[in-house]
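K.L.:
Below: one structure in structure tokens.
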Amino acid sequence: MIPIIALIGRPNVGKSTFFNRLTQTANALVADFPGLTRDRQYGHAEIENHKFIIIDTGGINGIEGIENIQKHMTHQSFLAIEEADVVLFILDARAGLLPADLEIAKHLRKRKKATFLVANKIDGMNSDTALTDFYSLALGKVYGIAASHGRGVAQLMSSVITPFVPEKPIIELSEEELNSSYWEKQKTEVDKTDFLESKKFLCNPESLPIKLAIVGRPNVGKSTLVNHILAQDRMLVYDIPGTTRDSIYIPLIRNNREYIFIDTAGVRKSAKIKEKVERFSVIKTLKAIENANVVLLVIDANEGVSDQDLSLLSFILNSGRSLVITVNKWDAISSEKRKQIKNSLDLRLGFMDFARTHFISALHGSGVENLFKSIKEAYDCSTKRINTSLLTRIMQLAKEEHEPPLVRGRRVKLKYAHSGGYNPLIVVIHGNQVTAINDSYKRYLMNYFRRSLKIIGAPIRIQFKESENPFASKRNTLTPNQVRKRKRLITHLKKR
């Protein structure tokens, strides 16, 4: 069982900065803005060759005007405390001891969890003076760190992991045993290298988790959908746009298949974005789309397909990600409104006709289970291995049905096709003058390959490669007769 470490504290004390340092990532959004982190963010860390799970949480504090959101954030933090084996109580050395710190310490004493007091932001300060007040919390030794620079982090984590590291028995080996052990270790390293090299070529998509990004405009029900699938209060859900600010990665096993769900912040028009933090959130969402295998676009049934939904779809298509479209809150609209929404989808999403559309209620769960079949179908299609002979045969059938257009009076020749990559699926076609083929014929070939290969939910890209002329850079060697004829011609021209 991998030990779990939870980072707890007031808002803006540096929990997310510390989380990023421990996980050696930039997964947690960081800014000088209280209440930026709202959901539980999970990450993997390796400390002294031992694996741990780190949980970043929203701050615990009473802020006037946002009590309801704050209540949900506090609940998320308390859930993290219950999950954790060790709690790191992060404090702000510059701000000193505040009433909220006393309340958190009181709660931690009741839970009787292994707790470490960590005073952050001690850079540029006298650590002895800065840490004195925090001993009054009666939770043991206070560790001073600077998470942004890494000062004191190694000493802290060495103390944290001590209970989880088994003591190694002292074994004295003879010289012969030492030599045998050395060569066995060398052989293991060689075998490991060979294995890693072969793994690059033998990696089976079925053995990898499906990374699923859930995207959409603010307040369309993305976090509600994640919570229903997980069957727990995992994501902060509230009827205010922008409740989710960061991209949260959540592992899940469903029907013996591994998934990694990525719950993202809502994306709206750039003109409506006022806060710098929201711009960071949008960038993280777009990066989550690029990192995903499949994207689940959530549309609000009450509002229909907006221009912002179309912009998101365009970005997903350009990124080459597989797609499943979900219309949420379907139970909240009338039958007449449902007809209008379906007509709008047919009219405005005609360019994404390869993606399946589901009508669901994330709140009540209707239609949610059917999503997994379409998600797996889209992933399987985008990672399908297709041999060269089949692709070439399909290309020839497409050519027989509809000949390529003329280019400067000459017919384009399509010679053969092969696979050029997966996720997205790329078909490379070789031939003469292929780079001059117009867009309409490219779309025809793309749709023909899609129908023939039964590709659903995944885009197909067609790339053309011009066949090289083997004689393009070579000069013909003249025969003896041609050489004599050339000399006579030159002599004749000189006499004139």
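Placement of Cβ uses the backbone N, Cα and C atoms for every residue, glycine included.
The GTP 1 binding site annotation in Swiss-Prot covers 9-16, 56-60, 120-123. Look at Swiss-Prot and you will find 216-223, 263-267, 328-331 tagged as GTP 2 binding site. Feature annotation from Swiss-Prot assigns domain 'EngA-type G 1' to 3-168. Taken from Swiss-Prot, the feature domain 'EngA-type G 2' covers 210-383. The domain 'KH-like' annotation in Swiss-Prot covers 384-468.
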K.L.:
I need the CA-to-CA distance for THR57 (GTP 1 binding site) versus LYS222 (GTP 2 binding site), whole Å please.
P.N.:
19
K.L.:
I'd like the Cβ neighbour count for ASN219 (GTP 2 binding site), meaning other Cβ atoms within 10 Å of its Cβ, all protein chains included.
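P.N.:
Cβ-Cβ neighbours of ASN219 (GTP 2 binding site) within 10 Å number 20.
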K.L.:
Among GLY216, LYS222, THR264, these being the binding-site residues, pick the one whose CA is nearest to that of GLY9 (GTP 1 binding site).
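P.N.:
With Cα distances computed to GLY9 (GTP 1 binding site), the winner among GLY216, LYS222, THR264 is THR264.
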K.L.:
Round to the nearest Å and give the CA-to-CA distance linking LYS222 (GTP 2 binding site) with LYS15 (GTP 1 binding site).
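P.N.:
Between the alpha carbons of LYS222 (GTP 2 binding site) and LYS15 (GTP 1 binding site) there are 25 Å.
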K.L.:
Please spell out the DSSP helix, strand and coil residue counts for the domain 'KH-like' (384-468).
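P.N.:
Grouping H, G, I as helix and E, B as strand yields 32 helix, 28 strand, 25 coil.
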K.L.:
Could you check which of the binding-site residues (GLY216, ASN219, TRP330) sits closest to ILE60 (GTP 1 binding site), going Cα to Cα?
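P.N.:
Checking each of GLY216, ASN219, TRP330 against ILE60 (GTP 1 binding site), the shortest Cα distance is to ASN219.
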K.L.:
Please report how many Å separate the Cα atom of ASN219 (GTP 2 binding site) from that of LYS15 (GTP 1 binding site), as a whole number.
P.N.:
26
K.L.:
If you average per-residue pLDDT over the domain 'EngA-type G 1' (3-168), what number do you get?
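P.N.:
A mean pLDDT of 80 is what the predicted model shows over the domain 'EngA-type G 1' (3-168).
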K.L.:
Check GLY216 (GTP 2 binding site) against DSSP and tell me helix, strand or coil, would you?
P.N.:
strand
K.L.:
Whole-number answer please: how many Å between the C-alpha atoms of THR264 (GTP 2 binding site) and LYS15 (GTP 1 binding site)?
P.N.:
20
K.L.:
Translate the DSSP assignment of ILE122 (GTP 1 binding site) into the three-state scheme.
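P.N.:
In the DSSP reduction, ILE122 (GTP 1 binding site) maps to coil.
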K.L.:
Look up GLY9 (GTP 1 binding site) in the DSSP assignment and reduce it to helix, strand or coil.
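P.N.:
Going by the DSSP assignment, GLY9 (GTP 1 binding site) falls within a strand, counted as strand.
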K.L.:
How many Å separate the Cα atoms of LYS15 (GTP 1 binding site) and TRP330 (GTP 2 binding site)?
P.N.:
38
K.L.:
For ILE122 (GTP 1 binding site) and GLY216 (GTP 2 binding site), determine the Cα separation and express it in whole Å.
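P.N.:
That comes out at 40 Å between the alpha carbons.
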